[in-house]
Amino acid sequence: MSRGIYVTGTDTGIGKTHAACLLLRNLSRDGITAVGMKPVASGCEWTPAGLRNADALDLIAASARASDYDDVNPYAFADPIAPHLAAADARITIDMERIGAAYSRLAGDDRYVVVEGVGGWLAPLGASLMQSDLARSLDLPVVLVVGLRLGCLNHALLSARAIEADGCTLIGWIGNAIDPDMARREDNIATLQTRIQAPLLGVVQHGADDASFAGAACLAVEPLLAAMREIHPRE
């Protein structure tokens, strides 16, 4: 598979899409053509063009090139529930080959693909499909988005451990300040830096405009690119 990153999080609603959009804009700013992907999404809305997911649309807007919606979001479900439940209700089986084909079309010959997962790392994608299966199938290293709030130490360290235990490579993490009043936030960040064996790429403000240069400039993508060159030296 081509070059890319799999973005996961410590929970649902902790800013994976925001972080993924910032990564896309940072890569573009550095002269790298990057496009977003949300393989599986629930909570989609019906439109004249069919089901559409807000996160997937945000990723399309942040991408360097226009992409076909069905490639960005191959599996869209209306009910705002866990995707494996939504798929079961719709009697649909999530097919890894279909996702892989969409990924290949997005990647083309020279594009990075920023793939956003669902919920936290252990949230299932299908009846027998986990996010680790998808990341391994696409040969993607992982970026973990940590929602900075009380309890984040446990959530982040468990997630990092699970990613590695599942045979995936964690190449960076992003802090998202979802609780502006979090006590000792900097101390918590420092604690995570000493315990997560991957670099902190930056701390972003929850809900900030990812389209602004100021927001996009807060993440460091060079550690990601260096790690990806080690994984795929020929690229």
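Glycine too: its Cβ is placed from the backbone N, Cα and C atoms.
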**One of ASP55, ASP70, ASP71 listed by TrEMBL as binding Mg(2+) at the site of THR17, GLU116** = ASP55
**Asked** Using Cα coordinates, what distance in whole Å links THR17 (ATP binding site) and GLU116 (Mg(2+) binding site)?
**Response** 7
**Prompt:** Using a Cβ-Cβ cut-off under 8 angstroms and a sequence gap of six or more, which residues of the chain neighbour GLY15 (ATP binding site)?
**Reply:** GLY9, VAL145, GLY147, ASN176, ILE178, VAL204, HIS206
**Fill in**
When each of the binding-site residues GLY13, GLY119 is scored by other CB atoms within 10 A, the minimum falls on GLY13
